[in-house]
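Please read the structure below before turning to the comments.
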Amino acid sequence: MGAKLVAATHNPGKVPEIAALLDGRFEIVTAGQLGLPEPDETESTFVGNALLKARHAADLSGLPALADDSGLSVTALDGAPGIFSARWAGPGKDFALAMKKVEERLEETASDDRTAWFTSALAVAWPNGPAVVVEGRVDGTLVFPGRGTRGFGYDPIFVPEGHALTFGEMEPAAKDAMSHRARAFAKLKAALFD
């Protein structure tokens, strides 16, 4: 295990995933464990919000920090929910409600287009110093009603391009091999270690 890296999250459940995706090269501690406040996400892009959160955690902790911002963008909804993906689930993080909202908004459009994409932006920032930012994306199609109980968020309504199963139906290892987050982490590892 290497140097400490702050995961700019208050969700300790993310630590094992982050550690695994970074091949165990860092000792991961969360912003929540350090008592750091969460910044307001005021940027208009996934990259902007990831960078804001990473810089905030790095500057307050004095340690390098990793942050992510991710979400679902729907072509027929002009990219919505986008950076507001989690907010569409409301304060209770009810993604059944969020998926219903996506379906209702699509029904209000005149479009039959059900294409969508997941984006994950990752940023690593050093205290008062440089930062590395990468983005991963996976394209697909939305299906209603949702299918499957695996994963989280919008996974039950998203079928990745070239596949028949939703992320919610896939074995976790299959989803993880192609997800937007895995693609972003592959780019991040290349930027940091190659």
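Just so you know, glycine gets a Cβ as well, placed from its N, Cα and C.
As given in Swiss-Prot:
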ACT_SITE  D69  active site, proton acceptor
BINDING   T9, H10, N11, P12, G13, K14, S70, F152, G153, Y154, D155, K175, H180, R181  substrate binding site
BINDING   D40, D69  Mg(2+) binding site
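Sequence features, as recorded in Swiss-Prot, placed on the structure.
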residue: T9; record: substrate binding site; Cβ contacts under 8 Å, 6 or more apart: T30, A31, G32, A67
residue: N11; record: substrate binding site; Cβ contacts under 8 Å, 6 or more apart: T30, G32
residue: D40; record: Mg(2+) binding site; Cβ contacts under 8 Å, 6 or more apart: none
residue: D69; record: active site, proton acceptor; Cβ contacts under 8 Å, 6 or more apart: E41, F46, V47, N49, A50, K53, I83, S120, A121
residue: S70; record: substrate binding site; Cβ contacts under 8 Å, 6 or more apart: F46, S85, F118, T119, S120, A121, H180, R181
residue: G153; record: substrate binding site; Cβ contacts under 8 Å, 6 or more apart: L72, S85, A86, A89, F95, A98
residue: D155; record: substrate binding site; Cβ contacts under 8 Å, 6 or more apart: G148, T166, F167, G168, K175
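The DSSP secondary structure for H180 (substrate binding site) is helix. In the three-state DSSP assignment, the secondary structure recorded for N11 (substrate binding site) is coil. Around H180 (substrate binding site), taking its Cβ as the centre, 23 other Cβ atoms fall within 10 Å, counting all chains.
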